[in-house]
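Participant: Quick one: the structure is below, and I'll ask about it shortly.
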Amino acid sequence: MMLRWSGVWGFHPPRIFPSLLVVVALVGLLPVLRSHGLQHSPTASTIRGSEPPRERSIGDVTTAPSEPLHRPDDHNLTNLIIEHGGKPSRKAFPVLDIDYPHVRTPFEISLWILLACLMKIGFHVIPTISSIVPESCLLIVVGLLVGGLIKGVGETPPFLQSDVFFLFLLPPIILDAGYFLPLRQFTENLGTILIFAVVGTLWNAFFLGGLLYAVCLVGGEQINNIGLLDTLLFGSIISAVDPVAVLAVFEEIHINELLHILVFGESLLNDAVTVVLYHLFEEFASYDSVGISDIFLGFLSFFVVALGGVFVGVVYGVIAAFTSRFTSHIRVIEPLFVFLYSYMAYLSAELFHLSGIMALIASGVVMRPYVEANISHKSHTTIKYFLKMWSSVSETLIFIFLGVSTVAGSHQWNWTFVISTLLFCLIARVLGVLVLTWFINKFRIVKLTPKDQFIIAYGGLRGAIAFSLGYLLDKKHFPMCDLFLTAIITVIFFTVFVQGMTIRPLVDLLAVKKKQETKRSINEEIHTQFLDHLLTGIEDICGHYGHHHWKDKLNRFNKKYVKKCLIAGERSKEPQLIAFYHKMEMKQAIELVESGGMGKIPSAVSTVSMQNIHPKAVTSDRILPALSKDKEEEIRKILRSNLQKTRQRLRSYNRHTLVADPYEEAWNQMLLRRQKARQLEQKITNYLTVPAHKLDSPTLSRARIGSDPLAYEPKADLPVITIDPASPQSPESVDLVNEELKGKVLGLNRGPRVTPEEEEEDEDGIIMIRSKEPSSPGTDDVFTPGSSDSPSSQRIQRCLSDPGPHPEPGEGEPFIPKGQ
């Protein structure tokens, strides 16, 4: 059988199963070792508590209730022997001593974490099982087996205490979800998420509580004593969707972003409703009568709990972002601030009975953009992987201890109550989703289809939050808490096992859109931002203040004030694309210096454009090509005359009062200047000829520039034209054949000879060279480039924006620009 497994699944069970058996055996035998008198450490009395054995958990340090063996003090023993006339015997030096109580708590915690990690490795080694059964189901099964093994050796299995769950296991999962929350999808669907989280949870709680109260009235003697407040409290516990269970299942099926954010966002934001309802009904259960003022205060406490948690999270997020400004010299502690401030936000919210989950989400969302702008790339990687590791281990321990606590807990079974609870949970979820979606689709542009509604209703999983809240119930006020806990475990197991295992085949069967694994391209990002600005402008014109309008307001406020306070240095002013371009240029310059080459130096135009964008940047550290002041000034003139400032949108439109555009006059003047420049260029190109001078200098053909110079090879019988940049506002720079050059052009051998080397070193310009041999009377001379005789040269400067004259049919080949 071992050989068959090794050949089929590609792994060797003997390599991993013995380790698992050793860990399980150690966990089971530790209580046995503890009961055999190994608690003789002096620290054992300080960590021993008085709680019953079933209260022990991974964070609880209580021991078995048996009386410890007290050793007499060595000094008293010596005095006793001396009083009876004996000599004290010398104690032998202990070569090996066992002091397990001294290390019991961290040792057991390490063993449980090691068991969780080995289980995750074992599940993913067997792809057949992991593709069919969700990981959460397998972990619960492992917990059931470990709990049964511990109970089989005669010991009480550890129980998942609520304080351990809420203070140590839940925060890492929520922080990981809040820090890496897809903010765009979350904000765009915030209204839908709030309706599902608030209205849907209230509907489920009261619908389930009311129907269960009716069932208790007719269900028999065992459940007749359950009152309305008891069933409403139970309904508020079991109605909330659990974020841990949703994350564990939805991350494996890779559902699309819309459905994932709707279900997961609902599970995050319904925490405030669950906390308020839980404390409200728990307080009402101890009252003799409940008045209208109590109900109003309970309704008011919902806003206090929700908004108070958000406020606490925002405050700690801002403090964390501000602190990260000053960590540039001590990069090692940067990740620690993220963890500490987030955890402090959660504990501060729990201190005032606010929503700790809302505080964690708010702190993670607020601090992330500013912290990542201040910290190094290595710190960002550390934060990412540590949060993922921490949340994964916590999630694994939660599901394992759900199974262990099921074996360890005391249960009370009632078929009527348990089956009714399970049935009413499913009915309430389906009805709530259908009714709320019908209302939501009236206001949504992208409607939720029936397939989407089915996945949302089917994805309402329950988990450890409901279990921990049920365990917190006081048996004095709620004598049926064991029955409630049994019903909660039944609902959790049904949703995790049945719904969790069947949701993947149903998604494939219904052909629900899956999540795209690839990241969006730069083109998609640019178009997305363009559409955001476009929709913001449309809302401004229409006078409609939608979420695009408020998003634009927040972005402006963020850039103007917040970034300057929370982001260090010039990074708060520099756009991301320009910063990335500057970083790449610096990297290329460093590589260029190290290699000793000159092939990667940025071009002159690129360098000058970047200097204009960053006027305060220090250019001494960058390797730039030498530019003469005249050429740089010439380029600046061209940019000033041809570039225009972007017009700003009007803030609002009113048919009675129109806001004047301050750039309108400058815009009209610029259009006039461009029109004059085009007319001047047209005149230049139309009359670009050399006038005839008797018989020796016939007229030249009209000069033209080819549209694609790289597509042609230079010909010997064509003149060569190069363009020297000049300002279009300076017509004096356009020097058409003046009187001094006429004589040089007409003379055959009077001009200086231009060698090819001098021609290459000379500045660019339109150079026309006349051939040596004169033509016969009545025919045109043809100017050829590169003549061996001493030709005459003539320069014509033209603006870079001039494309040259348009080709006319019937004329010769176009001139080829020089040097291209």
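Counting starts with 1 at the first residue shown.
Glycine is treated like the rest: Cβ placed from N, Cα and C.
Swiss-Prot feature annotations, pasted as is:
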- SER603: phosphoserine (MOD_RES)
- SER606: phosphoserine (MOD_RES)
- THR607: phosphothreonine (MOD_RES)
- SER609: phosphoserine (MOD_RES)
- SER652: phosphoserine (MOD_RES)
- SER707: phosphoserine (MOD_RES)
- SER730: phosphoserine (MOD_RES)
- SER733: phosphoserine (MOD_RES)
- THR755: phosphothreonine (MOD_RES)
- THR784: phosphothreonine (MOD_RES)
- SER790: phosphoserine (MOD_RES)
- SER801: phosphoserine (MOD_RES)
- 40-74: region 'Disordered' (REGION)
- 507-549: region 'Interaction with TESC' (REGION)
- 513-520: region 'PI(4,5)P2-binding region' (REGION)
- 519-549: region 'Interaction with CHP2' (REGION)
- 556-564: region 'PI(4,5)P2-binding region' (REGION)
- 637-820: region 'Interaction with TESC' (REGION)
- 748-820: region 'Disordered' (REGION)
- 135-152: transmembrane segment (TRANSMEM)
- 163-180: transmembrane segment (TRANSMEM)
- 191-219: transmembrane segment (TRANSMEM)
- 227-253: transmembrane segment (TRANSMEM)
- 257-287: transmembrane segment (TRANSMEM)
- 292-326: transmembrane segment (TRANSMEM)
- 333-345: transmembrane segment (TRANSMEM)
- 355-375: transmembrane segment (TRANSMEM)
- 378-408: transmembrane segment (TRANSMEM)
- 415-442: transmembrane segment (TRANSMEM)
- 449-473: transmembrane segment (TRANSMEM)
- 480-509: transmembrane segment (TRANSMEM)
Participant: Can you work out whether the transmembrane segment (163-180) touches the transmembrane segment (355-375), with the criterion being 3+ CB pairs under 8 Å where the paired residues are 6 or more apart along the chain?
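Facilitator: Yes, since the transmembrane segment (163-180) and the transmembrane segment (355-375) share at least 3 Cβ pairs closer than 8 Å, they count as touching.
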Participant: Counting Cβ pairs under 8 Å that are 6 or more apart in sequence, does the total for the transmembrane segment (480-509) and the transmembrane segment (191-219) reach three or more?
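Facilitator: Not in contact, no.
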Participant: How does the region 'PI(4,5)P2-binding region' (556-564) divide up by DSSP, counting helix, then strand, then coil residues?
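Facilitator: Breakdown, helix to coil: 9 helix, 0 strand, 0 coil.
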Participant: Which sequence-distant residues neighbour the transmembrane segment (292-326)? Criterion: at least 6 residues beyond either end, Cβ under 8 Å.
Facilitator: 272-273, 275-276, 279-280, 284, 334, 337-338, 341-342, 344-345, 348-349, 352-367, 370-371, 374-375, 565-568
Participant: Quick one: average pLDDT across the region 'PI(4,5)P2-binding region' (513-520), no decimals.
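Facilitator: It averages 74.
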Participant: For the transmembrane segment (449-473), find every same-chain residue at least 6 residues outside the stretch whose CB is under 8 Å from a CB in it, and list them.
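Facilitator: For the transmembrane segment (449-473), the nonlocal Cβ contacts are 160-162, 165-166, 169-170, 196, 233-234, 237-238, 240-246, 249-250, 255, 258-259, 262-263, 271, 274, 278, 398-399, 402, 405, 425, 429-430, 433-434, 437, 481, 484-485, 488-489, 491-492, 495-496, 499-500, 503, 506-507, 510, 512.
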Participant: Take the transmembrane segment (333-345) and find every residue of the same chain, 6 or more past its ends, with a Cβ under 8 Å from one of its Cβ atoms.
Facilitator: 171, 175, 179, 312-313, 315-317, 319-320, 323-324, 327, 359-360, 362-364, 367, 371, 374-376, 379, 382-383, 386
Participant: The transmembrane segment (191-219): which same-chain residues, six or more beyond its ends, come within Cβ distance under 8 Å?
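Facilitator: Distant contacts of the transmembrane segment (191-219): 226-228, 231-236, 238-240, 261-262, 265-266, 268-270, 273-274, 277, 414, 416-417, 420-421, 424-425, 428-429, 431-433, 436, 439-440, 443-444, 456.
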Participant: Could you break down the residues of the region 'Interaction with CHP2' (519-549) into DSSP helix, strand and coil, giving a count for each?
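Facilitator: So the counts come to 24 helix, 0 strand, 7 coil.
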Participant: Cβ under 8 Å, sequence separation of at least 6 from the ends of the transmembrane segment (378-408): give me the contacting residues as numbers and ranges.
Facilitator: 54, 57-58, 112-113, 115-117, 119-120, 136, 139-148, 150-151, 156-160, 165, 168-170, 172-173, 175-177, 179-180, 244, 247-248, 331, 334-335, 338-339, 372, 463-464, 467, 489, 492
